[in-house]
Amino acid sequence: MPKAPWKVRWDIWIGIVIIYSVVMIPYRIGFAIDLAHWEQIVNYLFDASFALDVMFNMFTGFYDDDVFVYELPKIRARYFKSWFFVDILSTLPFDQFFQAVTTGADQSFLSFKLLRTIRLFRLLKLMRLLRLKRAIDSFQLDALNAHVFQTFRSLLMIIFIIHLLSCGWYMFYTWDPTGMNWVTNIDRKGFQNPYLVSFYWVSNTMMSVGYGEIYGVTDGERLYSIFVECLGSISVGLIIANIQMLTDNYNPRGVKMKQKLQETKEFLLKRLIPRRLRLRVISQFEYHWSRRTVFDEDKLLQQFPMSLQYEILAASMETFVKKFPVFGMTSVDFFVFTIPKLRPVVVGPGQVLVECESVWEELYFVLSGSLEAFRSNIIASSLTGGDICGIEYLVGDRRRYAYTYRSTSKTELYALYSADLMEAMTKCPVASRYLRDLAHIISERYADAARRGRRILQKNDASQRKGSIDLFVQYRHRKSTSYHNLRKDSTDVSQFQVTTLADEVQVHWSVIRHYSRTRLVWDSIMGIVVAWTAVSVPFTISFDIPESVILEATDRMSDLFFCLDIFINFFTTYVDDTGVEIVDRHEIRRHYLKRSFLPDVISTIPFDFLVETVTESKDFRSLKLIRTIKLVKLLRLVRISKLLKLNSQWMSDLDISMDTIRLLKMLIPVLMIGHYVGCFWYYLSADGDRKRSWWGRIYFDDPSSLLSRYVASVYWATTTMTTVGFGDVVAVNSHEQAYSIFVMIGGTTLFAYVVGTVIEVVSNSKSLMNREHEMGQRINAYIKERGVSREFVVACQEHLRYINAEKTLFNEYGLFDALSHSLRCELILYLNSNVLAQIRFFDKKPKWFLTLLLPRLVPQFFLSGDLLIYHGNLVSGIFFLMSGAVIARVPIQERNSGNFDADTRASPKTIAVATNGRTMDKVPEDDGTIATLYEGEFFGYKEVLTKTSAQYNVFACRPTGTYILPAEYLDMIDQNYPDVLEEMRGLFLHSITKQQTILQHWQNNEIMGISGQERERILRSSFAMPTHLAQVREMAEVENDSMPSRPESHRPAFSPRHHPS
């Protein structure tokens, strides 16, 4: 059996023998190392192991397309065709055979050079490594990331190639030790560590460093150098490719997440969102995508059958299904349709999830934490894990939230759009029946709570008239006591502020907010202190800087700063893994003690100062031990990782671009590595012989200056790590050569990382701007392909430029999906603040109305002479003028006939004339002008609300920017929320009447406006029932007709927990 335990252990032993053979055989051949007696015995043992392995392979079965083959004839036939001859050639000891045959023969026949060459046949054992490929691949897939393993394997392969080439390079000397070669050219006596020198030369040649102190002098050595240089170019390219592939694909989810976060931050910065709001949006955005797949889940799931989709989703949402068992009883279609549409949301203590009177666009499944439902300062209910917020509106006629829901503790939820739920209910009668019954029960209990609340308010009014100090009585019945905890410091019952936001949560006076200006200034100071420690400690240790008052003072000041930082951290809020700020001072202290307290204390204790204080002997102080103990101070660098987590807040504070942040995060560690490499480069030979050290063979401006030596050390580090290698500063002794080899290989890898990172940053730089440029190029190519004039290209470019200035090409809905309803509304209002300031239509409108319409506004730009509305055509939506001006005119034939019927169609000639008007600088006015509208005004409402055709044309008399509210969206609201649209029409007519009153002197209200009769008809218009709502209602009616009436005691046997008393 190929996978039997003893066979696996045998293969591991053979693998160890192979590695030993392919490393030691070329070393012994290249450097003319004779075998000792014990080594000869070990070789015999290895040869015997290979011979046994050949025999075992004759009897080892194999798998052919997952079918195990155990017939001996087939096993041996397959082995003879594949590995038999390779194994025999790599097993037979040809060198021993030739030595035995030529015993006593003329030494000219048995040349030692020939014998060493024949022994190269044993390098065929390297091919045995291919036999372990399948096991290695299996290990790669199961235990390591594929790209990590591939990069590691490539580096090992390059190091092994350097080893082989080093052995071959030194063979030019062992072939003829007395002749002219690269070794005798440097030192006739040879080298003390020849392998290290050879490895050093091959490394700096293959890594493209090429110092130049070692070089070939014969034709053979120069040809060999050319071969090594070409192979080195391939190796460097392989390293760069692997490192770039590793950085791109090491964590596909992380890369995708980083890209989403970068685009979001770029969008928020471009739209000048305030810092506090930015931090809250980014926090919820990170939480949302940390708990949701960043890939196109619908597209990925479509690759699998429905049953496998169900298994995948059920396994990933097991905790959710346990919280909400109804999903375990639904049909496969319902489950597969609904689960991918759940959106993770988190709200912190005191944050409002959804405000009263908001449109029922979504409902929430509470996973953990608790919510309060209240209205008019009366708490009606409490919701905890396993409850559904907003389910009661499933059966109500009024699709608006009747209560404000606010968290009393950190609350994690899943949000689901109500339209998706309505559609999903048509796929599963069981789920539809359950959710409708649940909605009826919750709705009745909320109604009962509202009735009791009104009676309580009446009693409170009476008590207030009597002079009672009780202003409000809060009535509630719930399991959670978190509200009592929030109010435990109060001795009386008072009205609480229902508009408290996360940023206004009252905290203890000693608590420091992590985003406060004071804390950010302190973190900046600590960053400077940590940076000073990171730079000064290795410098003082490597260059043996004598103690001085200044250095001693800075060390003690830094220790004091670190002690103060530990004290401040006990009072500083933090953001947990769900993105919620923790403000409880007891929880802050517990968290700090568990996480960062111990590393901070260790990095603060001045071990070097304690050792120097205890040890008073000058001789002891002169030892390198004291300087080395100072390395403990480098533990303070642990703090850099914590400070880097605040880069998003610094970015928000300073408005630094994401590209700059990424380049700085890449450049600063590289510079620090160069600093450390340079310091240790001098430390290796600081106390050595000047003639046997690198610093003793170069020129210094001031030989006694440590600064000059530091500059030379960092100079060598950078020239080596960037693969330049001028050759003026080179390794002299063995320690320096060994260190140079490490720096060359590591530096080339680091150089590849820098190149890959810069390529990635440049290619993804300013993704929104690149998207705009890409879209512009596509439009230009498309227009040229269609063969239209240059004027249309300009028009399209202006339109795209206007869209990017007003809305950008960022997917705003993707950001809105990641936010809670309250935070989303706040962001929407700020993003559209320019619209609210310019368009009088939105004056004094309720918040729910604004947040419902503003995200659906579509920016459109028109050049002078463009037609916005065509006579005789339906209007695409309501236009809001942001800039420019438009003229509304009645066509000539309509004026002559006096017919302004809405069904009149413009002739093709009229349309053509209007279309050709693009070339006009100004639309000429005549008696047909019925209105001139400027920025801040709106039009097209009559045709949208009455669903009639336009009786006029609307031209842009100069470049005009507009927003349009699509008529299709109003139709969608009419289908899903008819009661909401009924209220919206009243608000529409209020703004329309106001504008018509203002513009009655320069607008023909009979043609463009709405008359009194039309206003009444609009208010009395009926609403079409949406298709899926009709299906759900019809299904419920069928169920009710088929089931006998039940008394109250026979209600469903489930009891929702978020019930009012």
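Just so it is clear, glycine is given a Cβ too, placed from its N, Cα and C backbone atoms.
In TrEMBL, the feature transmembrane segment is placed on 194-211, out of the ranges 194-211, 824-841, 878-895. It is 848-863, from the ranges 528-543, 848-863, that TrEMBL records as transmembrane segment. Long-range contacts of the transmembrane segment (223-243) within the same chain: residues 147, 150-151, 154-155, 158, 161, 165, 168-169, 172, 202, 205-208, 215-216, 723, 748-749, 751-753, 755-756, each at least 6 residues beyond the stretch ends and with a Cβ under 8 Å from a Cβ of the stretch. Counted over residue pairs separated by six or more positions, the transmembrane segment (666-685) shares at least 3 Cβ pairs under 8 angstroms with the transmembrane segment (706-726), which defines the two as touching. If you average pLDDT over the domain 'Cyclic nucleotide-binding' (342-416) in this model, you get 89.
Remote same-chain residues near the transmembrane segment (848-863) are listed as 355, 357-359, 400, 794-795, 798-799, 801-803, 806-807, 812-813, 816, 824-825, 828-829, 831-832, 835-836, 842, 877, 880, 882, 884, 918, 956, 959-966, 969, 973, 980, 984, 987 (criterion: CB distance under 8 Å, separation of at least six residues from the stretch ends). Residue counts for the domain 'Cyclic nucleotide-binding' (342-416) under DSSP (helix as H, G, I; strand as E, B; rest coil) come to 4 helix, 42 strand, 29 coil.
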